[in-house]
Every structure is written in C-alpha cells, then in structure tokens.
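Accompanying notes for the structure given below.
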Amino acid sequence: MNHLPQQLAIQVALILLNAFFAMTEIAVISLTPAKLKKQAEEGDATARRLLKLVEEPSGFLSTIQIGITLAGLLGSAFAADSFSEPLTNWVYNTLGFQVLPMAVLEPLSLILITCILSYFMLIFGELVPKRIAMQKTYAVARIASGPVLFLMKVARPVVAFLSFSTNTMLRLLRLKAEAEEEEVTEEEIRLMVDMGEERGTIQPEEKQWIENVFDFGDCVASDTMTHVSEMRGLQADTPPEEISRIIAQTGLSRFPVYETDINHITGVLAARDFLLEQGRPNPRPVRELLRAPYFVPESVRCSVLFHDMQQKKIHLCIVLDEYGETAGLITMEDLLEEIVGNIYDEFDPQEPEEIERLGENLWRVSGAVDIDTLSEALGVALPEDEDYETLGGMVFSRLHTIPQDGSTFELEVNGLHIWVDLVQKHRIVQARVAKLAPQPQPVEEN
C-alpha cells in the first residue's frame, strides 16, 4: 500500500493518454479539408500541419489506434498487477472476510478492478474527451497536431508493418487491400443541407439555391420553356413600322421569325440589330438581319443545354416536339432562373401571383398554374394525368368544346368548384377555385 499514490498516478496518466488520442481522433476527422486548404494557402502554419493529418488518414488513424490500444492494454495489465492482489489481501486478512477461499477472492478482485477501471476509462478516457473534441474541434486539433505528427514519424515503421500484415490477410481472404473511397451521394448532401438549415449555418434562400442546382440536372427543356402559345414571334413580311411598335410594346430583345406559321421558324431577330439598321439611310430587309435559329428537342436536359448555349454563345433556342413542330422557346435567362429564381429588371412588368387567396375557401388562380403547385397550395390531392399539367388543361379535359374568348362558365372537377372568369385566345387565363365539401359516406344497415 506504500506505493499506492505512485500506482494511481500511473493509472491516471494512462487514462489521460487514452483521452488525448480519443479526443484527437474525433477532432481531426471532423475538420473540413477544403477550409484547411484555403487557410493553408493563406499562410496559416497550423492549417498546413492539420492538412497533413487530414490528407494522410491511413497513417494518422493507425497511429491513433496504436496509442489507444497500448494505453488500454497497459492500463488493464497495470491495474491487474498493482491492485488485484492488494485488494484480495485487504478483504481476506484486514476485513477478515474468509467465507470464500483466496483462490476464489483473487478472480473476483480482478473482475472488480477491471469494472472500476473500465468505468473511469470510458468516462474520462473516451466519452468526455470526445464530447470536448466535438464542441472545440479546431482548438483541440490545433493543440494536438504537433505531438501527433511527431508520433506518426516515430511510429511509421510499426504502421508500415501493421499495414503489410493487414493487406496480406485481406489478400488471403480475396478482398481488396485498398478500400475504395466512398462517393458522397446527392441524397447525403441534401441531408447535410437540411441539417445546416436547422442549425442556422445555412440560410433558407441558400438551401433553395443548392436544391435548385440538383434539380437543374434533372429538369428538361419542356419544363422550363415558354410555351408556343405564349411566344411572341414575327412574320417575316411584317412591316418595319409594325416591328418597331412590337419591340416598344413588349420590351423583348429577341424574336423568332417565321414564314407561313410558327412551325416554320427561319431565324431569330435581335431588336438591337433591327433598331440600329433602321437608323441607316437604306436599311436592309428583315430577312437579311436574321440569325440562324438553334433548335433543341423537348427532352434535352437543362444542364446540357446550358453548357451548350454557353459554349456557342447562344441566348435563345427554339424547342421542338417529337413531330418537329415548335413547342416553345427557351432563353439563357430561363435556365438561370431555374437556379436563382425569377430575374427582373426595371422594365419587367410585375407578374400577378399564380395563386391568390381571396377567402377561407376561395382562391384566384392562373390557368397556367401547375397541378402539383395547385395541389400543395389548396391542400388537396389532385390526380395526375398525362393529358394535362395545368389547371387550364384539367378544365379542358372535362369540356366537349373549346370555349370562346370572353366566355365565362363554372364546373366541378376532382373535388373543386371552378369559376372560369377569363378566356383569351381559347386559353383559360384566370379562374376562381373553391374546395367542395366531402360527401358523407353512406351507412350500411345491418
């Protein structure tokens, strides 16, 4: 018992050594390599040291594992040797507990010492240090980087031998010696973004941009284009005075130009080219000012189209359907808006809201509103159909005739009462919508 303070001091030192390795492991693997690389490029010496640890995970983790294993084994062996026999003698001789023979008390004492050591090792050597490292990641990693780099150099021969032994065993088991680096999936990034928003490190608009970037890779031209029914084109024989009036009225910078109808587009007229030409003494005819049209299919992915338009310096594309007819047009601005949202300048008119709540159970709705958007806004499950994508399409699917411009009517469809208020160019422009009360289910009589 005379050496008890020294023995306890050694045991505490081994627990603290285990704590150092456990804390360092969590701190270093929690660091962000991209952030460290940027700090290292800015001249941060500590970041350069930490970057060495992060870029060599095999050597770092092997060194840490050696340290933790040695601290744990030495602690267990030392405790068994130092405290088991004195505890047995104290119980048997000092307390006079002689009900059990020494041969039984010795293993019981060893088990008790092991349990006590395990408790202190788990609390002070593992759990508490790791919690500290999670809360003070950079501070812990910065303090530990120097000693760990030194230990990595010292333990390099041991690590190399252990790696050789491990790889040899894996080859005998017909497994790959070098594990393939797991790729981060889109779903994992989305989950990290959600966590970042919950913790306040990512703003809602930043989260929306990130999600838009991923969605951008999935959308196709038909999802983003301006439909042919809303396109503003010019007939090739339109008088210059009329073209000037249309440019002033619409404020558009480019117009598709066609010969007989919109399905026979021959070029794209830039308003700038036309206006500059009109300022000359003998302006050239419109056909000589046209730029070659760029046609794309409805199914082309927006990400591919964006890259293509960048490379070819094209600002407007004509979208064709499967029959080769004009389905719509798409601009570079349309593609950018898929990521950052609507882009307005001082000349753009304020667009009315697609869905405006008028009362407790009444909404004013655009005929072009998407069915999914309408379902979400009204809190109803509207059935999907391949024949339509908008409210106007859903209404037309229940009509037997095409409504005349200026006509108004009402109907019930898919649990909604719809008042059509405005029809222009045989398209539903505006309507009011209310949810129908659910029908009571008939009660079966016994």
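Glycine too: its Cβ is placed from the backbone N, Cα and C atoms.
In TrEMBL, annotation is done automatically, which means it is predicted and not curated.
Look at TrEMBL and you will find 1-206 tagged as domain 'CNNM transmembrane'.
The feature domain 'CBS' is assigned by TrEMBL to 225-284 (among others).
TrEMBL lists 289-346 (among others) with the feature domain 'CBS'. The average per-residue pLDDT of the prediction over the domain 'CBS' (289-346) is 89, rounded to a whole number.
Residues or ranges marked as transmembrane segment by TrEMBL: 12-31 (among others).
Annotation comment: TrEMBL describes 58-79 (among others) as transmembrane segment.
Annotated transmembrane segment per TrEMBL: 99-122 (among others), in sequence order.
Among the features that TrEMBL reports, transmembrane segment is placed at 143-164 (among others).
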Tertiary contacts of the transmembrane segment (12-31), defined by C-beta under 8 angstroms and 6+ residue spacing from its ends, are 50, 53-54, 57, 60-61, 64, 67-68, 71-72, 74-75, 78, 120-121, 124-126, 128-130, 132-134, 136-138, 140-141, 144, 147-148
Let's see if you can do this one: DSSP helix, strand and coil counts over the domain 'CBS' (225-284), in that order.
22 helix, 15 strand, 23 coil
